[in-house]
Structures are given as C-alpha cells and as structure tokens.
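Written below as structure tokens is the structure these notes are about.
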Ligand SMILES: Nc1nc2c(ncn2[C@@H]2O[C@H](COP(=O)(O)OP(=O)(O)OP(=O)(O)O)[C@@H](O)[C@H]2O)c(=O)[nH]1
Ligand SMILES: [Zn+2]
C-alpha cells in the first residue's frame, strides 16, 4: 500500500492511508534503517495487522522543506494581516521567493479583513494578482473568505508561514476547531531563545488535505540561486525582462533594460522592483564573499 508519513516518533513512522485516513505505526525494514525518512514522505508499506506495518520503500520526494523538515509540501499559505500587525510586503516577497524556489506554490492570505477599511491594500492586491499569485482576503473572526480558503486547502499538503500575531492559529481553528499550530522551533543558527527541536507533524483536515503543524520559512536566508534566476520568482519582472538588450540583464543599471523602463512607466509596481533589487544585492553579496 502507499501512504504518507504524518509523524515520526519512538522509532515508528506513522503512515496514513490517504483514502481512508487510517494510520499504521510502521517499523522500517532492515535496509531502510539507514535511509533518511521525513514526515510527508510517500511510502510503500505492508500492514501486519490493524495497527502495525512495515515500511518497505520511500518514494521520490517532490519537494523538501528543511525547517521544519517535511517532504512533499505542495503549497505555502503566506499569512499576513491587514492591520495589527501591518503587513510587511518585503517579507511577503521574501516568502514568495523562498516558496517558489522550493517548488512550493504560494498562496497569499490577508487576514483580519474585519479590521480593514474599504479598499485597503487594493493596489498591492492587484499587483500580486496581475503577477499571477492567488491573493485571498479572510477574517478568522467573522468567517469572511473562509470557504474559499478551505477550497484551497482541501486535498493539498500545506505549510503556513507568516509573522507572529497575524492569525495563523486562529485561521486553522476557524477552519477546524481544535487544530493547533506549534510555535516555530527556535533557530539554532541565531541561538535566540531555547534550543528546542520539536517533532513536526502533518495534521489531517476534515475537508481533506493536511497541514504542517509548524510554521515554515522561519529561516529567511534566501536560497542559493544564481543571480540571473531571481527574476523567475518575480513573474511580472521575468515577463518584461525578455525585452532587455542583454539576455543576462540583472535589471540593475544595465543600458536598454526593459524592466527599469517598465518600472518608470508604472507597468511594474515600484515596491516589487525595489524588493527584487534588495534580494539581488543579498545574493550578489553572498557570491562575492564566497569567491573572495
Ligand atoms: N480582529 C481580528 N482579530 C484576529 C483575527 N484573527 C486573529 N485575530 C487575533 O489576532 C491575535 C493573534 O492571533 P493568532 O492566531 O495567535 O496569531 P498567530 O499568527 O498564530 O501568532 P503566533 O502564534 O505568534 O505565530 C489574537 O488575539 C487573535 O484573536 C481576525 O480575523 N480579526
Ligand atoms: Zn533588464
């Protein structure tokens, strides 16, 4: 049978049959004992009885997140609030790069719609939608927009990301009472806070689908992408960039840059372009340090 690991604990992999929701506790067969297994792995297993089974084979991973370590996450719900706290669009754009480069589909979700004055962030929303991103507006408090959010979460494996206080836990709870997000494990690299590494789990949704119980993208370091590839994660820049004079144009100060022209004409939102430049200089700086 094929199932998905939703939890690893005490030497057992807990494997869920996606069709029935039934979970087996499985030990690994001898040769698999050395191989890395991850929560989210799709595996072949043989049930021994109603509760136990043997893990036979790990199927190839479609995606792999490192913090928290989860395989086969399909989409990232990037949660921000209209207010309290105000949205940080640079952080949103960073999440968009992080998720797309991990081949995880981003879904932008603005919460606390009940606190928003009419038309708030309408322009930004249009910018993201025109770039091709899904942009949901919801309120965990009033329930506005939750049906559409459910449609997006149904039958998918989703990780939530977003700053503290935007309502990630409240949204999960509004969708399914009792669902709880764990607080993000403290970064070992920065050493802030306690050094705890929690076990990550996939939580089944009643509407079908699974959510990672720990917020994702807690490390904000941009991935190791070649500078020329950054624009691929800014679809509106990539589209226009095909018209630049130089095919390797990074859209900084090169002559004949169609992107800068489009920004000047208001065809590419200036804030998006500015964030692109910030991320580009981060990537270039890292390359410089590596080669010096
Ligand atoms: N007015 C309003 N308040 C909300 C809404 N959603 C959440 N809140 C409030 O916002 C605060 C933070 O909500 P949480 O769900 O704890 O936010 P979180 O993103 O999980 O925060 P962390 O656990 O710190 O990551 C709480 O006081 C919620 O009651 C909403 O849609 N409207
Ligand atoms: Zn250019």
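Cβ atoms are placed via backbone N, Cα and C, with glycine included.
Annotation source TrEMBL lists domain 'CP-type G' at 62-220. Averaged over the domain 'CP-type G' (62-220), the predicted model has a pLDDT of 92.
Helix first, then strand, then coil: DSSP counts for the domain 'EngC GTPase' (71-218) stand at 42 helix, 30 strand, 76 coil. Under the heading domain 'EngC GTPase', TrEMBL lists 71-218.
Sequence annotations record features per position, and here TrEMBL assigns GTP binding site to 111, 112, 113, 114, 162, 163, 164, 165, 166, 167, 168, 169, 170. Long-range C-beta contacts of residue 164 (GTP binding site), restricted to its own chain and to partners at least six residues apart, with a cutoff below 8 Å, comprise 85.
Annotated Zn(2+) binding site per TrEMBL: 244, 249, 251, 257, in sequence order. Listed in sequence order, 241, 256, 257, 259 are the same-chain residues six or more apart from residue 249 (Zn(2+) binding site) with CB atoms under 8 A from its CB.
Taking only the Cα positions, the spacing between residue 244 (Zn(2+) binding site) and residue 162 (GTP binding site) is 34 angstrom. Counting only the Cα atoms, the space from residue 162 (GTP binding site) to residue 251 (Zn(2+) binding site) is about 29 angstrom.
Cα spacing between residue 166 (GTP binding site) and residue 251 (Zn(2+) binding site): 33 Å, rounded to the nearest whole number.
Among the binding-site residues 111, 244, 249, 251, 257, the residues whose Cβ sits under 6 Å from any atom of ligand 1 are 111.
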